[in-house]
Amino acid sequence: MTRPRYTKIRRDMRQARGRILLMTTAVAVSLIAIGAMLTARTVVTREASANYTATRPASATLDIAGGITPDLLTQVRTRPGITDATARQTLTARVRTGDTWHKMLLFVIDADDPLRISRFDIERGTWPPPADGILLERSAQALLDNPTAVTVTAPGGQPATFTVTGAVHDAAAQERTAYGYLTPQGLTRLGPTPTHHQLKTSIAGDQHTVDTRARELATWLTSQGHTVNAITAPPAGRHPHQSQIDSVTLLFLGFAAAALLLAAAVVATTLGGMLAQQTRQIGILKTLGATTTQILGTYLLLTLAVATAALLLAAAPAILAGLALADATAGLLNLDITDTSIPTWVLAALAATGLGTPLLVALAPLTRAARTTVRAALDHRGTTPPATTRAVRPARGNRLVSLALRNALRRRGRLALTLALLTAGGALFTGGLSTANAWNTWVDDGLARRHYDAEITLTRPAPAHRLTELLRGVPGLTAAEPLSSAPAVPVRGGQVEPARTYPDGGHGAFNLVALPPQSRLTDFELLRGRHLRDGEPGTAVLNQTAATRLGDPAPGTHVTLRAAGTDTTLRVVGVVAEVGGPATAYTAHEPQATATAVRLAYDDPAALTRAEQRLADAGIAAATVVPTAELRTAVDEHVLILIQTLVALAALMAVVGTLGLASAMGIAVTERTREFGIMQTLGATPRTVRLTLILEGTAIGLAGSLLAVAAGLPAAALVGDMLGTLSFGLPLPLAPSRGGMAAWAALGVAAAAAATLTAARRAGRLTVKDTLTYE
């Protein structure tokens, strides 16, 4: 039977070229999605880790009041568990190109620093730069429009112009912030005295060991008369966005796997239709001695041939698409992809999945068909189940609609599968657009609760009442609200908890902020408890990120934070939702207290410049000026590529669903060939036959679209919950995209009609002679 079996497979594939092409395309499209996600996940995860570890990030950084002397640094290097240490200084400054000011982080490094810890790759220029030179992180080049010179202002100093002598790559750069690298000699040009206050250490071991050694070092420093303001120990060896990379790519990989399952179902359905057509052939083969196992093997071999062809077609596009996605992600995260090699296990997993899934899904229907007895096979007349007239009685007034609906309901199992294919693709499409809408809604609402247009951070604290008086009457300024902010770390059991803040000061940061209790410029949504009140010192309201970091304390719980070397115990009275901010504990700011920043609301953008000048004339210099619009840009940059990838996956699943419908309609035409002949003998024209099939496909497409819209809501909730929790610590609200739903409904119906068109044309071309002689 071996040679006849191969001959049969070749003839079947030749006679059913259209179906074979459809099955191959469906599997290939889904394999492209899986291969692209696997490739992108593998490359980005590997390269993010490689880029970050190549900077040799400090295991733990201790902020020491008064600075670090060379003698102290030498002693630290001999402490137990400390493999290396260096002293650095980091300060927030402002950089100007043209008429625009941007936030800048200045990293002050000794010229003779061996750069064994917290190093960077020099892409252009050399280290150290001259006293009037500065190196910029490469992402700052685009932010600052590729400057040759920049004007920098540091807190407590005066502006100075530096020549940009080179560019470096720092893999963990913060969004919308320029990084500058200079020597202490360069810093003196800005005014501040170089004081290395950051003790960066390298500690061998896991995170627990790092935390333990850092605490022991802090205890020893305290015993030597030094004040340790804070300990930061970011997750060992993990890029700031590693968790987001892992979670999001895993989710997308799951969606791609679902697409493959749907494609395998298309294969199983199409083969089922072919087997129904060949039932008598199976009976004849068995009368000639073929066994059930041999017949099953024949059709499994056909399935394997389809899967193999799909795998060969999909392999190269999958890898190319995955590398393109990895490259786009790397650009977003400021990574260098130095190794584009694909691990063998990825190719093996793609091959095993691509070949195994169609075989497994098709096994049950193929086995059922192969077990058909000779008598059952020879008695087969190709009839379909009784028409479900009850379900279509409302359509009696229109014979074509009634006939189309009856035909759609004949093969309920096939109809259910086709609807599942269309629903899955549409649900991901509408769910993706709804997720994007939920993101925009959440961010818009969150930023709308910030009723200010910019925040000016001062170089040194100033009396709050003086700031209010100075800014009163500035043309175009509608409100000014002083506040005080300082980095903080939790204290538990009398010991400072190592903060998970990265060197950029943004990722993993924790701030203690004092606001007027009756603030007019912030109105954060209350999640539980209550807001701050006047006359209640020692109380705090946490945002959702701070609450998570502190173990979700209930209202009434006391927490202790250390800021500027001072421990403060606060009673939590509420938790609020805040978009785009780090972990923050808000306390009441008294009018007579000093302020470190002021928030401004204005109806004329020029008012910001006037306010800054009014403060400068009074001897109060601005350290940074951050427009609220910058926050929106930074927040959106995190999610843009995620939404685009989600919609691309949805498009692929929609293609698979459309192919499934095309397959179902093609099978229907084959099964009902004689029926079409009878219709023509009773007076039906080819146009009527075509229209009946198109109406049938359109009805299925419309039903699939409606189901997709309904299923898109839980899909959006699932993705929104994960994306919101990763980004903000809270799930995104459910915000259905009406435009997306309407678009999918229109696309679904149009695609269904188009998918049916080929089958309808073929049915319309059948003559009465063709149909009555059909076997």
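Including glycine, each Cβ sits where the backbone N, Cα and C put it.
Among the features that TrEMBL reports, domain 'ABC3 transporter permease C-terminal' is placed at 255-373 (among others). Here the domain 'ABC3 transporter permease C-terminal' (255-373) returns a mean pLDDT of 84 for the predicted model.
The feature domain 'ABC3 transporter permease C-terminal' is assigned by TrEMBL to 648-757 (among others).
Long-range contacts of the transmembrane segment (20-40) within the same chain: residues 13, 249, 252-253, 255-257, 259-260, 262-264, 266-267, 270-271, 306-307, 309-311, 313-315, 317-319, 321-323, 325-326, 329, 342, 346, 349-350, 353-354, 358, 649, 652-653, 655-656, 659-660, 662-663, 666, each at least 6 residues beyond the stretch ends and with a Cβ under 8 Å from a Cβ of the stretch. Sequence annotations record features per position, and here TrEMBL assigns transmembrane segment to 20-40 (among others).
According to TrEMBL, the transmembrane segment annotation covers 250-275 (among others).
Here TrEMBL flags 296-325 (among others) as transmembrane segment. Long-range contacts of the transmembrane segment (296-325) within its own chain (CB-CB distance under 8 A, at least 6 residues past either end) are made by residues 5, 8-9, 12-13, 20, 23-29, 31-40, 43, 267, 271, 275, 340, 342, 347, 350-351, 354-355, 357-359, 362-363, 366-367, 369-370, 645.
Outside the transmembrane segment (345-366), and at least 6 residues removed from its termini, the chain residues within Cβ reach (under 8 Å) are 27, 31, 34-35, 38-39, 42, 257, 260-261, 263-265, 267-268, 271-272, 275, 296, 299-300, 303-304, 306-308, 310-311, 314-315, 318. Annotation comment: TrEMBL describes 345-366 (among others) as transmembrane segment.
According to TrEMBL, the transmembrane segment annotation covers 415-433 (among others).
Here TrEMBL flags 646-670 (among others) as transmembrane segment.
Among the features that TrEMBL reports, transmembrane segment is placed at 691-719 (among others).
The feature transmembrane segment is assigned by TrEMBL to 739-760 (among others). Long-range contacts of the transmembrane segment (739-760) within its own chain (CB-CB distance under 8 A, at least 6 residues past either end) are made by residues 18, 422, 426, 429-430, 432-434, 437, 654, 658-659, 661-662, 665-666, 668-669, 689-691, 693-694, 696-698, 700-702, 704-706, 708-709, 712.
Secondary structure of the domain 'ABC3 transporter permease C-terminal' (255-373) per DSSP, as helix, strand and coil residue counts: 101 helix, 0 strand, 18 coil.
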